[in-house]
There are 2 protein chains.
Amino acid sequence: MDKNLKRMATMQRLQVTGLELFYNNGYYNTSVDDILKELSLSKGAFYYHFDSKEDFFIQILENLLARKVYSLLIEPIEGHDNPVQLITDCFENALETAVHNELDCGFVLSNFVNEFRGKNEKISKHLNDILQIWEVNLVSTIQKGKFNGHIDRHVDAEGVALFLMSSYMGVRTLMADNAPSARKYRFMAQLKQFFKSIEVKQPAI
Amino acid sequence: MDKNLKRMATMQRLQVTGLELFYNNGYYNTSVDDILKELSLSKGAFYYHFDSKEDFFIQILENLLARKVYSLLIEPIEGHDNPVQLITDCFENALETAVHNELDCGFVLSNFVNEFRGKNEKISKHLNDILQIWEVNLVSTIQKGKFNGHIDRHVDAEGVALFLMSSYMGVRTLMADNAPSARKYRFMAQLKQFFKSIEVKQPAI
DNA sequence: ACTTAAACCGACCGGGCGGTTTGTTCAAGT
DNA sequence: ACTTGAACAAACCGCCCGGTCGGTTTAAGT
């Protein structure tokens, strides 16, 4: 049993470090040796645990990245409160996390999607799956808001979801380059402005 | 004089093909040989005209990419008409171009910014300069709209500009992966919704 | 104490890359 | 006809990367 534990521990260390380096430098610009050097492990260790660099990355996607996206962007908006408030708080929190992340390199999913497009269909599919889960979740949350009277019934839920995803992905890229905190603040203000325009007008009591 | 003409022609061919391949595959994943193979030229030809791969890319940025961004995203919104309409039409047209571009790989600037971040400061600076010109132009256009009565005076021009840039960059990434035409349509509808919320309320005559 | 297998090491290989160098072609100037 | 230099060809260099493989260490089972 201890064997299994050690195996898991080493694989976990490799994956965590791998994601960090892939995130910062890109997949193709990070060599397996770079990751191994960071952990003082050898090529033999790596290829004992993983079939290939590609297999390694896919496991990172499933074990680390998908869960990260889920806990940061999906789980927080699942609830029966005001969807507008839930999404606003969720974005606020996600962007705040990005601000305080010293080595933030933009929205990791967005970067990888761009890097693998047209170059590795297998990985691209995995990445698209994660994005799609996010999209589906956003759409259903917005639909919920339409039914429970928080969002105007005429809005196109898929359109709003797309707009939210687009703006989030874009601002993460821009935040990574300049003045992340100021840009986060400005972005959130405009996001709220947008939300106001799709909310049902509450009659002032 | 004919010499100079031929020189220019060859350099131009190299740059156009280079941008195309860099755009599709990324800078680090495109070898100089890849570009040369496309044009049936040799390494000697390349290094006769350019100092290095980096120098080559920077010339592409200045000669092709900057002008492309200018003609597609900056020049169209410079005018004294309704800024909201100008920006809407500009985005509509830019996205339509992307839809009909067979090999569209998202917003080229956004991709390059991500690829070079933290890896090549010189190139990153060039890219940021281009983005900044776009931003400044958007801000001044919005300011103009505030002064000439098309946009509400209370809106934060820099915030709106950031929001526009973010959403555009994001949707370009998403359009490159799935259903570009449908996503363009949905995006534009939401963009107009956003604009409606920052326009001054025209009293119905 | 011995076996066994998991876990790991590190040298090595084939290939591709950015960049250099040497040599060739060809057109313009005289 | 000869020179000159721009424009290109092609072989080459040093480096790095993904992946392989034979060997070594470690620890659990008996």
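Cβ from N, Cα, C; glycine included.
TrEMBL has this to say about the protein:
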DOMAIN    B:8-68  domain 'HTH tetR-type'
DNA_BIND  B:31-50  DNA-binding region
Long-range environment of the DNA-binding region (B:31-50) - Cβ separation under 8 angstroms, sequence gap at least 6: 7, 10-11, 13-14, 17-18, 21, 25, 56, 59
Segment confidence, the domain 'HTH tetR-type' (B:8-68), expressed as mean pLDDT: 92
Three-state composition of the domain 'HTH tetR-type' (B:8-68), taking helix and strand from DSSP: 49 helix, 0 strand, 12 coil
